[in-house]
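First comes the structure, then the notes that go with it.
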């Protein structure tokens with residue numbers, strides 16, 4: 001095989017020698033519509049220019065659509081899917097509070113002193129006299145509050161007053177003219193006394209309740225957290241309890257004390273044994289929870305709670321009872337029926353929404369013994385900020401081990417710190433609402449309430465007579481009835497799903513590609529091949545230029561040395577011959593003059609003819625010799 005044949009043999013991988021050759025091959029063989037028009041009409045420059053512009057515009061529009069699709073995909077939109085299911089439903093937890101804060105014996109004296117100071121304040125500011133509060137001083141005496149007693153006394157403040165207290169004479173004169181424009185509040189200062197402000201209110205009722213609440217929280221910090229509610233208090237509050245037409249047992253509820261809403265009892269919250277939780281297989285009042293509650297107001301704190309009845313909250317089994325957020329009150333002397341509808345929301349996590357699966361990815365420590373919720377996180381965040389800023393914790397929220405609740409006997413300026421922290425908290429300067437994300441899976445209960453008078457006139461006598469025999473109760477305003485049930489077993493499930501997933505994105509991209517070029521995935525591969533070949537040709541051109549330039553630089557800088565004459569050594573080796581002996585030793589040179597060969601005989605086409613002539617001559621010669629040199 002000659003060298004030319006070896007070069008003509010097809011190689012395993014071949015590359016184009018120029019961009020023009022690559023472009024012409026691609027346009028002539030690609031499956032992309034319109035590309036062949038760029039080379040088939042090259043003799044007509046106008047057509048070539050038209051198809052080139054059309055091809056580029058179409059290409060640009062397609063990739064503009066691609067950009068829109070990718071932008072929509074990477075914005076991670078979600079679609080809402082609503083499913084309606086019907087099945088046996090687990091009954092939620094129900095917490096009921098008395099709406100009467102209890103007087104602990106450990107702080108009984110402190111609460112009595114607070115009541116006396118409150119009555120002095122009411123008489124001094126509003127000339128109110130009540131004999132229903134323990135320790136009341138007769139109204140015929142001039143009441144002056146002892147500033148050596150409780151700190152942070154209530155004061156009347158003129159409009160615009162922020163840092164000073166107005167004298168009593170000025171107050172009495174001005175109140176006769178513009179009573180509505182005056183505010184009431186109490187002064188709070190930091191530890192050094194250099195930073196002070198008034199916590200003011202336009203309503204005297206709100207101011208007195210908040211002032212009383214502030215001191216009550218301070219006193220409550222001295223109560224041991226292990227203080228339990230005895231069984232006698234439960235029987236005095238809940239007269240009857242039935243679920244699914246069966247009586248409740250002590251295993252069905254747990255109790256705790258709330259500083260504002262009093263003694264609270266939670267039904268159906270047995271986190272240790274989920275098998276004992278209630279469930280409803282039928283809708284209706286008979287298949288729900290029915291409670292008969294006492295709503296009398298005896299031996300409680302009237303200045304802290306001004307509402308009669310009971311506080312109710314429906315929540316999840318593993319969620320804490322935040323009575324001040326989602327709870328509602330039921331009135332005394334009425335039957336309140338609460339119908340429920342369950343709704344489950346399942347959000348997509350990750351890049352699709354800012355939700356948390358279990359709170360482990362949230363930078364806030366959960367202080368509650370419960371599962372993660374947004375409210376749990378927000379309160380834990382506030383408590384952590386208060387402990388860090390004020391040196392003590394809020395009495396309504398749990399603490400980390402080693403921390404203490406706020407008491408102005410130990411923490412003198414905690415009130416000043418607390419009210420300023422509340423302002424930062426509500427304006428999200430603490431960042432709690434930003435840090436705390438919604439849980440991805442949430443179960444909510446949509447509630448509808450109905451009220452009716454209970455007991456009615458016909459049954460009032462015998463119902464109250466029976467209750468008076470058992471519980472010494474004779475007033476219909478001292479009882480209330482509560483029904484909580486499922487209106488229907490159909491529950492909604494709201495699911496989030498990606499609006500554009502990967503399969504849909506590929507489908508949309510393929511649709512756009514087919515719309516603008518009428519091609520397929522193989523056409524995309526051809527485009528990739530074109531790009532790869534383009535890059536390879538560019539690399540080859542650069543390498544060729546590099547090595548060519550390097551070779552030229554080497555030829556210019558290289559100096560070739562002149563070799564020594566080769567005959568020098570020969571002269572030394574040739575022996576000296578005397579001039580007289582030259583005649584005897586002369587060498588005769590005979591030139592052989594031979595004509596050049598006939599190059600016409602080298603013609604390959606005449607090889608066959610010459611060989612045939614030679615063979616003919618040899619045959620004739622042999623014949624002539626055999627016949628003795630005779631010719632025919």
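Note: Cβ is positioned from N, Cα and C throughout, glycine not excepted.
Annotated range for region 'Disordered' in Swiss-Prot, selecting from 591-611, 612-632: 612-632.
Of the given residue ranges 8-28, 29-49, 50-70, Swiss-Prot assigns the label transmembrane segment to 50-70. Long-range Cβ contacts of the transmembrane segment (50-70) within its own chain (Cβ-Cβ under 8 Å, at least 6 residues beyond either end) map to 34-35, 37-38, 41, 500, 505, 508-509, 512-513, 515-517.
Rounded to a whole value, the Cα-Cα separation of residue 189 (disulfide bond) and residue 390 (disulfide bond) is 13 Å. Cα to Cα, residue 432 (disulfide bond) and residue 248 (disulfide bond) are separated by 40 Å. Its Cβ taken as reference, residue 355 (disulfide bond) is surrounded by 20 other Cβ atoms within 10 Å in the chains shown. Cα of residue 377 (disulfide bond) to Cα of residue 390 (disulfide bond): a distance of 20 Å. Listed in sequence order, 241, 242, 267 are the same-chain residues six or more apart from residue 248 (disulfide bond) with CB atoms under 8 A from its CB.
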